[in-house]
Amino acid sequence: MRIALGIEYDGNGYFGWQRQAEVDSVQGQLERALSIVANEPIGVFCAGRTDAGVHATGQVVHFETNAIRNEGAWTLGVNANLPDNIAVRWVKEVDDSFHARFSATARRYRYVIYNHSFRPGILRHGVSHYHGDIDADRMHQAAQALLGEQDFTSFRAVQCQSKTPFRNVHCVNVTRQGMYVIVDIAANAFLHHMVRNIVGSLLEIGLGNQPLTWMGDLLALKDRNQAAATAKPHGLYLVDVTYPEQYQLPKLALGPLFMLD
């Protein structure tokens, strides 16, 4: 049978999502816990591979198993065998047409900036700290140039392996909640480091170092070297993945949980 899981994790301390030899990964920890509960080797497929230090509240995975277990075993049982910073949020049996990556029609990320003169203590691994006077309204206005299907070469990592630089951004909003500035962006898919590269450039606009037209200018240049530095990883969360209605997957609060949704 094929099972889908909703996963939440704190990416701090992991070398990203993907299983790698001799380093700790989210995928490796999840597969270990699932294999214990299923009493057989389990391999998982995810909706989107996150980098080192990046978090998720809405990661979706699927796996195949011959084990017959109830919902409690796949949630409480797996959680009991996971580190405290990884948790199963929901479970659902799906038909064989479902694939966590290839069935997805959109992904949504939130980037959380702690905008204060002094760095945070408790949330130091859950937000990215930037001081200076950040104008969120200015960032939001500039970000609208990203909407639609466009060539995002200026915002892709050098090591990005995607065959095409084109992505379709469905919506992007920048808002302020007290000391937090949140960049919320959804697209059909994202290039490697695309969100963090976009945020890095939006910050330059928010700080008044670049004009409102800069995002559009960068898109036209198609040159990563012309854009700003990549934003820090700790503020980035994969918060939602969209699938066709036929799969009836659960929908929970996007998070992260310390924010107003």
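If you go along the chain as it appears here, the first residue is 1 and each next one adds 1.
Every residue gets a Cβ built from N, Cα and C, even glycine.
Noted in Swiss-Prot for the protein shown:
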type: ACT_SITE; residues: ASP51; note: active site, nucleophile
type: BINDING; residues: TYR109; note: substrate binding site
Protein Cβ atoms within 10 Å of the residue listed as 'substrate binding site', excluding its own: 26
Distance [Cα-Cα, Å, rounded] between ASP51 (active site, nucleophile) and the residue listed as 'substrate binding site': 13
Three-class DSSP secondary structure - ASP51 (active site, nucleophile): coil
Conformational class of TYR109 (substrate binding site) under the three-state DSSP mapping: strand
Cβ neighbour count within 10 Å of the residue listed as 'active site, nucleophile': 18
